[in-house]
Amino acid sequence: MAFASSINGVCLISHHGLRWRGDLPLFGSNRSKFRRFHRRIATGHRIKDIRAVIFKPEVDFKDPDWKMHFQEDFDRRFNLPHLRDILDVQPRPTTFSLKSRGPLHDGNGAPEGVWNGYVNDDDRALLKVIKFSSPHSAGAECIDPDCSWVEQWVHRAGPRKQIYYEPEEVKAGIVTCGGLCPGLNDVIRQIVFTLEKYGVTKIIGIPFGYRGFFEEALPEIPLSRQVVQNINLHGGSLLGVSRGGPDISDIVDSIQARGINMIFILGGNGTHAGANAIHNECRKRKMKVSVIGVPKTIDNDILLMDKTFGFDTAVEEAQRAINSAYIEAHSAYHGIGLVKLMGRSSGFIAMHASLSSGQIDICLIPEVPFTLEGPNGVLQHLEHLIKTKGNAVICVAEGAGQELLEKSNATDASGNVVLSDIGVHIQQQIKRHFKAIGIPADVKYIDPTYMIRACRANASDAILCTVLGQNAVHGAFAGFSGITTGICNTHYVYLPIPEVITSPRCVDPNSRMWHRCLTSTGQPDFH
């Protein structure tokens, strides 16, 4: 049976297996040691407290200064790449101010007087705020065996007093990659608004993801406040989306040929990996280009962040499907409602939708292995529910239980493994089981997968999109590149892209939130 675990929300072992990463402290560059460890997992050995094992940093805890060394390494990793690293660029006073001449006056809206709305370059936000007293506390994230408190500071996002671009020299490009997500248009809109507030007039959209950089049949889309004014009233993306794309060098060639020097890339882990590669290629060529990511994933599976835009909307929209399944189940004799929601390797949507609805009896997610058959299986518990309450509602994430199905070697354009349909499989197994025991069961299967991502962002996500879009522009004008903007511990921050793409973020089975879900559903362990 596969073993799933997470630390700091990092997916390490799932139905896809433990992935090799050269930066795992336990293994260093020793791939053979990693393989031996992987074989132990594959053959059923359950590693006690894998959280401490895999993520124990290379720190000598006997050294009285180990905290200082740890923090120095953390600060180095989370230092933000800047144009100054490769170019002799000089700052100038910002053109961004909310204390400015109005549109009825002559001039370009330059600041009047002093405005105190700027963020200092030395401002920081704490990444973690809970001090755990024991590694056995629910959701504990400890660095050393004693769970010592170590401050981890990251850069605060927002406008700076000094900028590294003249607005007149800027040609900004915006591209949306991967799949749809509620709020894409909101982010595009705010990026355009904020660029114009700085005084930028040359703004374009790259159509259909990275594909738009190289297909001649896809011309760039001129953007302005007038063009994007009302796009937030609709779902989807004004620019279109697609997966995959050309070689990084070809993309950078296109950026160079178009004269783009600010590129805003909206996407998930794969898209951010591409953005980081674009950033590195631009640095290699010593180009004055700021590459800024905006994290977009409906699955909420990007590391370190409280949440990503579109997630709240997806959970809200999922309520419609769950409510329909509930009504169907309660209106039928021995009714069983089955809802499959998005979540390839992370079960956040299924978990939060189950919690918010209060109507789910069984929640199945990729991070928590389960069995269908046997005395402790899902089917046995389902039989108990039908006998005792007469109906049941199940919520399953699309990536759950993949080890129970025939594996597919196919991948999509983004390199993601094409998942087998766990929803259909569970539906068939439920029907087979109840037929075999001679109990009638009326199973209704609902798959709203794409419905929940094609809608307009709700109020909560719209606010998040607004702030992320604005901060992306502030980061570019501040001279940063190879960064993404997000919300951590309720504060808006900038993070180096490599720190958020090492692996998907996962539900921690030891977390309070998963325990709350289990309390709500009343389900047992299915193994």
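Each residue, glycine too, has its Cβ placed from N, Cα and C.
The record from TrEMBL ties R243, G244, G268, N269, G270, T271 to ATP, and of the options G179, G335, G337 it ties G179 to that site too.
TrEMBL names T297, I298, D299, M342, G343, R344, Y450, M451, I452, R453 as substrate ligands; from the candidate set E398, E403, E499, the record adds E398 to that same site. In the structure shown, the C-beta of T271 has more C-beta neighbours within 10 angstroms than that of any other entry among the binding-site residues N269, T271.
Note on proximity: of the binding-site residues T297, G343, E398, M451, R453, the one nearest R243 (ATP binding site) is T297, by Cα distance. Of all the binding-site residues in the record (G179, G268, N269, G270, T271), the one with the smallest CA separation from M451 (substrate binding site) is G179. Within the set of binding-site residues G244, N269, T271, the entry lying nearest in space to G343 (substrate binding site) is N269 (CA atoms). Proximity to R453 (substrate binding site), defined by a C-alpha to C-alpha distance within 10 angstroms, is shown by the following binding-site residues from G179, G268, N269, T271: G179. The binding-site residues listed here (T297, D299, E398) include T297 as those with a Cα within 10 A of the Cα of G179 (ATP binding site).
Figure note: comparing Cβ neighbours within 10 Å for the binding-site residues G244, G268, G270, the maximum is reached by G268.
In this structure the residues listed as binding substrate are T297, I298, D299, M342, G343, R344, E398, Y450, M451, I452, R453; their two most distant Cα atoms lie 16 Å apart.
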